[in-house]
């Protein structure tokens, strides 16, 4: 009888724990995805802060030329970064216990792998937690779907691209100037500016900014007057009020006359779906583009496409970009290569004797 009571007590304890984890009454919703999200994001954040401040230089290219990335080793907020794991490690899983010592682990850039893998797990669980909370509250699941765009983008630059290139050393450094360096080298090696999926991503980001500004300014300009001239217009809204706070008919009429009638939404629901979908689909395509270029399916090559009747090349913008690409490729990893791969011989010279 005692054993039965103990089992019931443990079931009740487990039941109370489950109820607490999945309760929507908590100030911050935890959820089952949160059980994994919280420790992974805390780990990634803690190691990032410590490494950004104090990590020793990392042999990123695997040629015994360490690169400094932390504040205590001469960097500032702009130049500092978590240097990617060494090319000598490649794609190997490199936890602390795989190294002979902590010094070796730091020298080979172990913190980068630790941060990136925990971060990707954490943001994926954050997306799952968004779906989970929506499910508990009886909401539709599109918040998590929208968040999948930045998750896909992060996964592309931190995981898919290194896999395609064969080494975590090709992943994006965790810093401001490191991000710019990654972008420049990516252009040099993959001609991303000439990739249609990147173009769709640019349209998504810039278009999303434009549509957000248009929507916000239209709504703000067509508020229903509830205040005097001496009060802020924001005081005319009360949280949870049933009536509309702006006149959508006026906004529709204004924009329809500014552009043309069918350029203006007359359905608030379809309008807000469009505002969400446009940037999300654009970033999806960019992430897909990074993931294909990871395996060297690169942007369009229109170099020397135009020639005159004598066969002489007439330079186009594509040729100007190509010259810039070659210059950027020559300059990056300058001690690891004698010349850029694009200029290498197609066949190795034969060796006699």
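Using N, Cα and C of the backbone, Cβ positions are placed for all residues, glycine too.
Marked as chlorophyll a ChlzD1 binding site by Swiss-Prot: 118. A 10 Å cutoff on Cβ-Cβ distances gives residue 118 (chlorophyll a ChlzD1 binding site) a total of 20 other Cβ atoms nearby, all chains included. In the three-state DSSP classification, residue 118 (chlorophyll a ChlzD1 binding site) falls within a helix.
For 126, the entry in Swiss-Prot reads pheophytin a binding site, with the evidence type sequence analysis. In sequence order, 33, 37, 41, 147 are the residues near residue 126 (pheophytin a binding site), counting only same-chain partners six or more apart with C-beta under 8 A. Residue 126 (pheophytin a binding site) falls within a helix when secondary structure is assigned with DSSP.
According to Swiss-Prot, the [CaMn4O5] cluster binding site annotation covers 170, 189, 332, 333, 342, 344, on the basis of sequence analysis.
Among the features that Swiss-Prot reports, chlorophyll a PD1 binding site is placed at 198. Taking all protein chains in view, 23 other C-beta atoms sit within 10 angstroms of the C-beta of residue 198 (chlorophyll a PD1 binding site). Reduced to three states, the DSSP call for residue 198 (chlorophyll a PD1 binding site) is helix.
Feature annotation from Swiss-Prot assigns quinone binding site to 215, 264, 265; the stated evidence is sequence analysis. Sequence-distant contacts of residue 215 (quinone binding site), defined by Cβ-Cβ distance under 8 angstroms and a gap of at least six in the same chain, are 271, 275.
Classification of residue 272 (Fe cation binding site) by DSSP places it within a helix. The Cβ neighbour count for residue 272 (Fe cation binding site), using a 10 Å radius and every protein chain shown, is 12. Annotated Fe cation binding site per Swiss-Prot: 215, 272, in sequence order.
According to Swiss-Prot, the feature phosphothreonine maps to 2, an assignment based on experimental evidence.
Residues annotated as site 'Tyrosine radical intermediate' in Swiss-Prot: 161. Remark: residue 161 (site 'Tyrosine radical intermediate') has 170, 171, 172, 290, 291, 293, 294 as non-local neighbours, by Cβ distance under 8 Å and separation of at least 6 in sequence.
DSSP classifies residue 190 (site 'Stabilizes free radical intermediate') as helix under the three-state reduction. According to Swiss-Prot, the site 'Stabilizes free radical intermediate' annotation covers 190.
The transmembrane segment annotation in Swiss-Prot covers 29-46 (among others) and rests on sequence analysis.
For 118-133 (among others), the entry in Swiss-Prot reads transmembrane segment, with the evidence type sequence analysis.
Taken from Swiss-Prot, the feature transmembrane segment covers 142-156 (among others), and the record attributes it to sequence analysis. With a cut-off of 8 Å between Cβ atoms, the residues of this chain six or more beyond the transmembrane segment (142-156) that come close are 119-120, 123-124, 126-128, 130-131, 134, 276, 279-281, 283-284, 286-288, 290-291, 294.
Counting same-chain residues at least six beyond the ends of the transmembrane segment (197-218), those with a Cβ under 8 angstroms from any Cβ of the stretch are 251, 254-255, 271, 274-275, 278-283, 285-286, 288-289, 292, 299. Residues annotated as transmembrane segment in Swiss-Prot, with sequence analysis given as evidence: 197-218 (among others).
What Swiss-Prot lists as transmembrane segment is 274-288 (among others).
Closest in space to residue 190 (site 'Stabilizes free radical intermediate'), of the binding-site residues given as 118, 264, 332, is 332, taking the CA atom of each residue. Excluding 215, 264, 265, which define the quinone site, the same chain contributes 214, 218, 251, 252, 255, 271 within 8 Å (Cβ to the Cβ centroid), listed in sequence order. Using a Cβ-Cβ cut-off under 8 Å and counting only residues 6 or more beyond its ends in the same chain, the transmembrane segment (118-133) has close neighbours at 22, 24, 29, 31-34, 36-37, 40-41, 43-44, 47, 139, 141, 143-144, 147-148, 150-151, 154-155, 158-159. Comparing Cβ neighbour counts within 10 Å across the binding-site residues 170, 189, 333, the minimum falls on 333.
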